[in-house]
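Annotated features, as they stand in TrEMBL:
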DOMAIN    178-335  domain 'SSD'
TRANSMEM  178-195  transmembrane segment
TRANSMEM  207-230  transmembrane segment
TRANSMEM  242-261  transmembrane segment
TRANSMEM  281-300  transmembrane segment
TRANSMEM  312-335  transmembrane segment
TRANSMEM  594-620  transmembrane segment
TRANSMEM  626-647  transmembrane segment
TRANSMEM  659-678  transmembrane segment
TRANSMEM  698-716  transmembrane segment
TRANSMEM  728-751  transmembrane segment
Amino acid sequence: MFSSQRLYTEGTYASLIAKHRFNILAKAVFKEINALDEAIRNVPVKIDLGTMQFSDICAKSNGSCVSNAILEIMDNNNDEMEQTSITFPIYRNQSEVYFLGSAVGGVKLNENNVVESAQAIRLYYYLKEDEANRQKVNLWLDEFLKVLSNYTAADFIEVSYFTSRSRQEELEANSKEVIPLFSVTYFLSTTFAIISCMRLDNVWTKVWVATFGVLSAGLAVLSSFGMLLYIGVPFSMTVATAPFLILGIGVDDMFIMISAWQQTNVCDSVEKRLADTYKEAAISITITTLTDILAFYIGLMTQFRSVQSFCLYTATAILFCFIYNITFFGAFMALDGRREESEMHWLTCRKVEFQNPKGRYKCDSKSCKEKNDDVDTVNVHLISGLFKDYFGPFLTKSWSKAFLTLLYAAYLAGSIYGCIQTKEGIDLRNLAPDNSYVIKYYSDEKLYFSTYGPSVMLILNGEFKYWSKTERAALNSSLEIFQSLPFVDKSLFVSWLNVYEEYAKSIFNINNEIEFKSYLPGFLEKSYFKQDVNFTNDKIYASRFFIQTINIDDGDKEKNMLNKLREVAANCSDNNKNYSFMVYHPAFIYYDQYVVIVSNTIQNILVATAAMLVISLLLIPNPLCSLWVTFAIASVIVGVVGFMTLWDVNLDSISMINLVICIGFSVDFSAHISYAFVSSGKDKPNEKAIDALYTLGYPIVQGAVSTILGVLVLSASQSYIFRTFFKILFLVILFGAVHGIAFIPVFLTFFEICTCSEKVNNENKETNAGSMSTYGNPEFDYGPNMVEDGQSQFTFSLNNQNQVSQCVSVNGNCSLEMKFEPDCP
């Protein structure tokens, strides 16, 4: 009783498409098709006790292997081809009805709907699905792939092939690319980290620090993945892209910590320098770590298992990355700091003789009392100086701000246009590598067999009174609604009830319940409708009909078809209390993504953005600046969605993963620069922007470049999954970095809304030997007034930092001008 139309899954099968440029049904060509079919059916497969063939494990109907319609019509004899008039898409002979819409493609018909020529034939070989035959079936499918991969047909036909296991096997084959690609990525990231942190000075260079920073990220991947795999968390194929991401995040945090270390006073002890480094960098990387982890854990709310798996692995890896950065990497920074303190060579660890005081700052009892700016010229990287002396001042000019505002408007316009053009759904071809045989099969299928789509089951659930003439009329009215849909071929509607009515006309009264039920079992046994009626204990609990869809050849049509069928089914069910309608086809598992992909994506973005705002409010000491960070998130997300569409990337479960990444990464650069802006001790907004760029401009560029290098090798991948990951992450990093070092610093200077420094009134800045009035009344102690040659020197303690100030004494009084910049807010 096997029927491929009635399968509730795709089934277990092998399939091939043979195509010809002119006419696949020509006698000579069809002879080759018959020979190929015979070779496949007779291919011997070795098993433990001998060999087997297709006939030993085939799915059977009426005791015989299920054959292909077009071959059965010709009775596997190409001599009959030219004498047979084949009608399309339905062919009827004396005893059978054949649907050829999925078997013959590229059809040219005459006025009588008779096939004049066809360009393609598709053959199916269905197999048993029981557990006892599973091993044999797998062996036969392997042999089928071997035969077809080595098949050399005549010059006039081409063959593509596929099995029910191919999609899964080819998807898993993508993972084989990960190890070599990740090896290249790790090398590139390590090389870039070393070069970007290298100095010509053999003491101040950070070669080993950069190396161990990359190692720290690698250890985080191993630890997190090892732990999750050990406790049995499912590993989805999409998780294979996570290590590339974690490497970028870890290296980014490393650059922030190195930058903070390099801005400490080289004359301080290692303990003091490390404390100052953590004071400056820990909050910044904690903000970004919390936002990243939260963004990915929020991604667990989605209904896509592949997205859930990716988010869980990635969030856990980021957490481990943070732990390793503040422990393992921090400890190594301390060791390297002791090497610096002892002026040892970075490679040999031998003391380097001090020969050029101007080239490298030397700490001694005198120089340690000098102003720390002298140290900055040596200890801070050259590119950081470029941000301070050139890029920052350029960015804060009025005409530069106007240009950047116009540029941002153009960026936003292009992004919104792209968002409007967004397409949903994943093409199944994209799950296989580019060089896979699956791609060719899917392409041929779309080219020749897209006219007739899924044969959808229309299930009537409930104890419906099929024998009631009134009830049947109501049922037919509902069925008419389905048949009248624009994507349904009404002439191909399959109804057991219609056939039963015809069968009953000359035999019994179908409107009589007893007669209806008594004749039904015999009718079902004789026909192929037995699987369409659940007739148990003299009751019909459910039955099904079939509607044939047409012209469903792209994602939008698949989505519209599914939504409309379910809408009509729901409306028809609402009108009847005793029964309900349901529509189903095995392909709906792929179409169902359209139902939730947009809502899930929007939900994740909104919830994550709200969470980012809360974290920013807690950790960035200015509410308005936190809003700018949230604005940056929204801006980057809109840009990524818009430009990924213009880059031929659809909104599907794979790109949805990357949009979750987008939420986390879009906050990183903006949060870093916003925190540096608010924390700056400068007075004016422009000065704060320059100072923030000086502090974090270079680490942001380093982090962006290192992350792009981390995924750059994926652009050459044979896998759509990896290429999509590269495209979206490239857009995320590019737009995030531009926001961090250009748009956000400029926007923060507008209206002085994020300026936290307080200006001191001149009237409150007087002091003499006995008293000092201050703004904000900070606590301090000051020593006695010492007058020497008209100079007065005050030594006082402010916020536990010893300060020395001098002023000119006039008539015994000293006017000392001071500014106090309390912590924001």
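The chain as shown is numbered from 1 upward.
Backbone N, Cα and C atoms are what each Cβ position is placed from, and that goes for glycine too.
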Would you kindly list the residues that approach the transmembrane segment (178-195) from elsewhere in its chain, counting only those six or more residues past its ends and only Cβ-Cβ distances under 8 Å?
207, 210-211, 213-214, 217-218, 240, 243-244, 247-248, 251, 254-255, 702, 705-706, 709-714, 717, 722
Take the C-beta pairs under 8 A between the transmembrane segment (312-335) and each of 207-230, 659-678, 728-751. Which stretch has the highest count?
207-230
Could you tell me the mean pLDDT the prediction assigns to the domain 'SSD' (178-335)?
85
Taking residues 6+ outside the transmembrane segment (594-620), which of them lie with a CB under 8 Å of any CB in it?
283, 286-287, 290-291, 294-295, 298-299, 301-304, 424-425, 555, 558-559, 562-563, 626-627, 629-630, 633-634, 637, 651-653, 656, 659-660, 663-664, 667, 671, 674-675, 678
For the transmembrane segment (698-716), give me same-chain residues lying six or more residues beyond its boundaries with a C-beta closer than 8 angstroms to one of its C-beta atoms, as numbers and ranges.
181, 184-185, 188-189, 192-193, 196, 241, 244-245, 247-249, 251-252, 255-256, 258-259, 381, 383-384, 387, 665, 668-669, 672-673, 722-723, 725-727, 729-730, 733-734, 736-737, 740-741
Hey, which bits of the same chain come close to the transmembrane segment (242-261), Cβ under 8 Å, at least six residues off its ends?
178, 181-182, 185-186, 189, 193, 196-197, 206, 209-210, 213-214, 216-218, 220-221, 224-225, 273-274, 276-278, 280-281, 284-285, 288-289, 292, 310, 313-314, 317-318, 321-322, 324-325, 329-330, 333, 337, 381, 384, 661, 668, 672, 695-696, 698-699, 702-703, 706-708, 710-711, 714, 725, 729, 733
